[in-house]
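Beneath this line is the structure, given in structure tokens, with notes to follow.
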């Protein structure tokens, strides 16, 4: 059940809150939370505004990496010849390793493996692991630039995902906790604006560096840019999320904490039976939290719509420049897609957060914005790919992207506010896992398979874009049946799943 955020805020003079559940944290997570809260008070800390800026820059660099590897300058193409015998040289990663479109799509999705595995771990354990994760990211990106075989670059991309997971599950809950009440959606919009902006910047960056130097230099440059933030991850004070004080006072786990000369030591019983018991409690606690999330109907429907949405956006971000180059013979596809995406991404994402704040940020209003913006965006994007005129395509596609990107703040607002504060990091982690494992992880290889089969980028993009209508339909169901989600009729969730399954089945035969 959704609780009002005001009801979840603990009184100033109290140490506990009636909305925080200690059962939602596992013993191992509690232990690390205690460690985080016991850091010496003199350790350096940053204001929420500065942390928002840092998170935005890190997010920007993460998605710039995705845009760079998708750019024609870095991704490249295989050697091809036309009917007249005129051949084009092999370029970029695809040309260097002679990859098919399917293998190229696998390269796009491989980093998600690390992200999916590591996100719940980072969400449950140490708040200080941001520094470790960003260090892994930096080393992995260096490895991408130094790759000597296809399997090696795929492995490095997996570790890039591990690095990204270090902050992605913690950043949004922290921003929501610390943003002014009337600007929560706007702050989230600013953070998620970095997703399309980063991808667009990656298109331009990768296209320029790949063309003038080598695709390898694009990765090495990213590592240099991220290195200072990896160091900062070790130096800044650990994040403290809502519910931390409750854990501090009520869940010591019989740990004796001592602070001597600015050093923190934890003494715990090390017997095998105690360790096994702690691990067992960790897994049972995690299972209980997952059961709570699964029963939260708003969360389930929101994520189902987000999965469909991300399936399209993930494939757009990777195949967009190549599709545009082949359909409209764009000479500067990286620059054009980059410019359109960065402008529409910034304006659309910020507008979505601003509009949600203006109409009052609530879950019903968020669902209205999600379904309406996604449907109209799908109409414009679908129509754009039917046009033969390059300028007509750019105009309509820009309008479509503007509307589609307006969903970033609302969809994450729902993820954060449909559960109690203590479950927000896990909610964001599971949402991230779901939208990737069912969304953009399979979409890039599947689009590659479709393109290899029908050999028409226009038809491929039209098939892909049509899935946005499914996302709009799911979010619309969430809006019109919101009251039913909070009723005791458990069969309603089954009805929703059957509707989505039938819709997907019918779509497969349309």
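For all residues, glycine too, the Cβ spot is worked out from N, Cα and C.
Feature list (source: Swiss-Prot):
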- 75: N-linked glycosylation site (CARBOHYD)
- 98: N-linked glycosylation site (CARBOHYD)
- 44-64: transmembrane segment (TRANSMEM)
- 106-126: transmembrane segment (TRANSMEM)
- 136-156: transmembrane segment (TRANSMEM)
- 158-178: transmembrane segment (TRANSMEM)
- 185-205: transmembrane segment (TRANSMEM)
- 219-239: transmembrane segment (TRANSMEM)
- 298-318: transmembrane segment (TRANSMEM)
- 336-356: transmembrane segment (TRANSMEM)
- 369-387: transmembrane segment (TRANSMEM)
- 392-414: transmembrane segment (TRANSMEM)
- 430-450: transmembrane segment (TRANSMEM)
- 462-482: transmembrane segment (TRANSMEM)
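Residue density at residue 98 (N-linked glycosylation site): 11 other Cβ atoms are found within 10 A of its Cβ, drawing on all protein chains shown. Within the chain, the transmembrane segment (185-205) has long-range Cβ neighbours (under 8 A, six or more residues past its boundaries) at 52, 55-57, 59-71, 171-172, 175-176, 179, 218, 221, 317, 321, 334-335, 337-342, 344-346, 348-354, 356-357, 361, 401, 405, 408-410, 412-413, 416. The listed stretches are 44-64, 158-178, 298-318, 336-356, 392-414; of these, 298-318 has the most Cβ pairs under 8 Å to the transmembrane segment (430-450).
DSSP assigns residue 98 (N-linked glycosylation site) to coil, not to a helix or a strand. When Cβ distances are compared across the two stretches, the transmembrane segment (462-482) makes no contact with the transmembrane segment (219-239), since fewer than 3 pairs at least 6 residues apart fall below 8 angstroms. Long-range contacts of the transmembrane segment (298-318) within its own chain (CB-CB distance under 8 A, at least 6 residues past either end) are made by residues 2, 66-67, 70, 105, 108, 199, 363, 367, 370, 374, 404, 407, 411, 414-415, 418-419, 427, 430-431, 434-436, 438-444, 446-447, 464-465, 467-468, 470-472, 474-475, 477-478, 482, 485, 493, 496, 500.
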